[in-house]
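Here Swiss-Prot flags Ser202 as active site, nucleophile. Marked as active site by Swiss-Prot on the basis of sequence analysis: His255. The feature transmembrane segment is assigned by Swiss-Prot to 94-114, 143-163, 175-195, 196-216, 224-241, 245-267.
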Amino acid sequence: MTRVIVISNLRLAQAFVDYMATHHVALEIRPDAQGVEIWLADDEQLSAVQHELEQFLLDPLNPRYQAASWQAGNVNSNLPYQRFSYLQTLRSQAGPLTLSVMVLCIAIYILMLITGDMAVMSWLAWPYNSSQYLQIWRWVSHAFLHFSLLHILFNLMWWWYLGGQMEKRLGTSKLLVLTIVSAVFSGWGQSLFSGANFGGLSGVVYALMGYVWLTGERAPEHGISLPRGLMAFSVLWLIAGYFDILGLSIANAAHVSGLIIGLLMAFWDTRNSARTVQ
């Protein structure tokens, strides 16, 4: 038997197995620490399965896969769907860096509530002038500042969703590099327009959006992706920020800078990928 792939989503794995069954290919699902494994009994069918898998990874939510489950008369796997607590779900979908940044942001936000924004910003904000340039933590620490509950919830939700899958699939070092690079460049871009009076993880989040989306489009075998609809919404939200539609103070330059950095890093990292969008 040959292991074909590991998929984190059991329902998607079942849909692919059922779809291949309609092509007279028998696949088996087995539990795995990262989700489930799909195994092929007949090695002679491997090339056909790999071809269909490529198509599946490009569009796993295509109705033909769900329709195959109904045709096979099997909409559930024999594997149990376990119930997890919110904390277990949070931890299972994130690595140590993802969780550490979340804890750090929450701790700093609580400190800002207690001591006031300016007291914390005096230590962590983007360098105010050249005398602070050697305080190198400032080039990144501004990303951990948040000024409202909605601000921190929105950013940490995206950070967990995108950073978690990136760290799980590509490793902690890859996420660390993207976080540092995007924090520096998004902070620099925003400082050109607002000085040092800004903060938030959104520049890094937009870098993650760009990286995860483009990597998923060009190299789906890496196992990370952002649905096109969510990416389109994010771009529209970015554009809306320039028109002050919601009356919010938005770090537009940080968003744009972060998105560009994420796209550039993803393009570079997938430059040798054989699977690109046609």
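Quick reminder: no glycine exception, Cβ is built from N, Cα and C everywhere.
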Report task. Measuring Cα to Cα, tell me the gap between the residue listed as 'active site' and Ser202 (active site, nucleophile) in whole angstrom. Result -> 6
Query raised in the report: Is the transmembrane segment (175-195) close to the transmembrane segment (94-114), in the sense of at least 3 CB pairs under 8 angstroms with a sequence gap of 6 or more?
Result: yes
Query raised in the report: If one looks at the chain holding Ser202 (active site, nucleophile), which residues at least 6 apart in sequence have a CB under 8 angstroms from its CB?
Result: Phe154, Asn155, Ala251, Ala254, His255, Gly258
Requested in this report: Inside 10 Å of the Cβ of the residue listed as 'active site', count up the other Cβ atoms and send me the figure.
Outcome: 27
Query raised in the report: Against which stretches of its own chain does the transmembrane segment (175-195) lie, if we need a Cβ under 8 Å and a gap of at least six residues from its ends?
Result: 95, 97-98, 101, 126, 128, 139-140, 142-143, 163, 166-167, 203-204, 206-208, 211, 251-258, 261-262, 265
Query raised in the report: Using DSSP, would you call His255 (active site) helix, strand or coil?
Result: helix
